[in-house]
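Participant: The structure's right below; bear with me while I get my questions together.
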Amino acid sequence: MATNIPPSPPIGLQWRSSTAYILLTISMAMFTDLFLYGIIVPTIPFILRDRLDIPHEQIQSLTSSLLSSYAFASVLFSLPAGIIADKVAARQIPFLGGLLSLLSSTVLLFLGQSVPVLLLARILQGISGAVVWTVGLALIRDTVGSANLGVTIGNIFAFISVGELISPVIGGVLYDKAGNGAVFGLCFALLGVDFVMRLVMIEKKTALKYELDSRVSSGTNSVIDDEESAAGEASPLLQTVKSREEEEATWIVPKDQPTLIQKFPIIYTLRNSRMLVAEFVALMQAFVIGVFDSTIPTETEGLFGFSSLHSGLMFIPLVLPYLVFGAIAGKGVDKYGARIVATVGFGWMVLPLVLLRLPQPGGTPEIAKFCVLLALSGFGFALISAPSLVEASYVLERYHHANKELFGEEGPYAQLYAINSMVFSAGLTLGPLIAGSLRENIGYGNMNAVVAGLCAVVSVLSWMFLGRIAKK
C-alpha cells in the first residue's frame, strides 16, 4: 500500500531560511551590483582608449552613452522584473536570473572589442540592476514584514553604500597599478561569492512548506505573522481618528474596474496621493544623489586641483554619516511614520545645499569646510533613504488587505518595488543632466540653491501627504 511520504527538508534548512542569512544574501547581491557598477565606471574611458583605440574627442560622448544605457535598461526592465517576480512560485528564480545577466555583462566588458558589445554589456548590467533591486526589496518585505521595513532598509543601505563608495577608488587604483585583468578578476571573484549565497538561500515561504521547524513557521519574522501583525498594529492608531470599518472602507477598490487594472491592480494605487508623493520622494532622493555624484569631482578639481583619486575620497564624509545614522533613521520611520522623517530630512538638506557656495579655492581650511558641508548632507541622506519605500509599502499593504480578490493572496509587492526602481533610476539620470546644465549656466552655488528649493518643496509635500499616523 502506497504512502505519501513528505519530502525531506533541504540540508541546513534552518540557517538557510533564517532572517539573518536571507538579509545578508540580499545585501550581498545589492553590494555586488553597486560595486561592479562603480568599479567599471572609472575604467570605461581607458577601455575605450587603450583597448578599442577610440579617438580622444569621441571618448566623452561614448562614455556618457555607455553610462546612460545602464539607467535606460534599468527603467525599461524594472516593471517586467516585478511582474515576473510576483507570478513565479519563488522569487529566488528571477533573483538568480539577474545574476546570470550580471555575469554575462561582466564577461562582455572584459572581452568586448567593439562599442556595440560594450553597449550590450551595459544594458545587461542595467537589467541585472533592475532585477536585483526589484526582487531584492520584495524579498526584504517578505522576510521582515512592513513593521520592520524601515530599520532593515536603513541597515542594508548603509552596508551597500560602502560598495558604492570604495568601488570607483579600487577600480581606478587596480587599473592603474595592475591593469584590466586585475579589475575583472576581482569582479568575477565577487560574482562567485554572490552566486553561492543566492543559490543556497531558501525563502521564508518555501521553508514554511516543510513545517518541520516551529521557529520558521511561527517565528516573529515569518511572512504570515509579519503581515498580520503589520495590519493589526496600525488598527488602534487608526481607531483614534475613525472607526476601523470606516478606515477599511477608504481602501476598498470599487468592483467595476477596467481590464487593465484588474490585471495589474498596482496601477490603481497610483491614484492615492500618499503613494504618488512617496514615489516623488524617491525621485527626488535619487535626483539629489545624482547631483552630488556628478558635481563633487568637478567642483573639487576646480577648487582644490584634486585628481580623480582625491575627488573620490571626498565622498567619504558624504557616505560616513549614512553608515552611522541610516539604521537609526529607518527605525524612526518604523516608529513615527514616513511623514515626519521625510519632512525633517528634506528640510535638513536645504541648509548644507545653500551653504555649499561658501568653500573657496584654497588649502586645508577650505577643504575642511567642504567636507563638513558634505557630512551634513550625508546626515540628510540618512534621513531620506527609507521613507519612500516604507510609505509605499504601507499604502499597498492596506489596499492588499482590503481587496484580496483583486490583489491576490501574495500581493503585487515586487511590482511596487519595480515602479520604485524605475522612479529612482529616472532620478539618477535626471540629477546629473540637470545639475550639469545648471552649473554651466548659473554656477555651482546657484545650482545648489535651486536644488535646495526643490528639497524645501518636497519637505512641504511630505508633511501634507505622507502618513500622518505613527507606526509602532
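Glycine is treated like the rest: Cβ placed from N, Cα and C.
Residues or ranges marked as transmembrane segment by TrEMBL: 21-47, 67-86, 93-111, 117-140, 152-175, 181-200, 276-296, 302-324, 336-355, 367-396, 416-435, 447-466. For 22-470, the entry in TrEMBL reads domain 'Major facilitator superfamily (MFS) profile'.
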Participant: Given pairs 6 or more apart, does the transmembrane segment (416-435) have at least three Cβ pairs under 8 Å with the transmembrane segment (181-200)?
Facilitator: no
Participant: Taking 93-111, 117-140, 152-175, 336-355, 367-396 as candidates, which has the most Cβ pairs under 8 Å with the transmembrane segment (276-296)?
Facilitator: 367-396
Participant: By a Cβ-Cβ criterion of under 8 Å, what residues six or more beyond either terminus of the transmembrane segment (67-86) are in contact with it?
Facilitator: 37, 41, 44, 94, 98, 119, 122-127, 129-131, 133-135, 138, 264, 408, 410-419, 421-422, 425-426, 428-429
Participant: Which bits of the chain, at least 6 residues beyond where the transmembrane segment (367-396) starts or stops, bring a Cβ under 8 A of a Cβ in it?
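Facilitator: Result: 137, 141, 146, 149-150, 153-154, 157-158, 234, 266, 269, 272, 274-275, 277-279, 281-282, 285, 288-289, 292, 296, 300, 303-304, 314-315, 317-322, 324-326, 328-330, 333-334, 337-339, 341-342, 344-346, 348-349, 351-353, 355-356, 358-359, 411-413, 416-417, 420, 462, 466-467, 471.
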Participant: With pairs 6 or more apart in sequence, are the transmembrane segment (93-111) and the transmembrane segment (181-200) linked by at least 3 Cβ pairs under 8 Å?
Facilitator: yes
Participant: Same-chain Cβ contacts of the transmembrane segment (302-324) under 8 Å, 6 or more residues past its ends?
Facilitator: 42, 157-158, 161-162, 164-165, 168-169, 172-173, 292, 296, 359-362, 366-367, 370-372, 374-375, 377-379, 381-382, 385
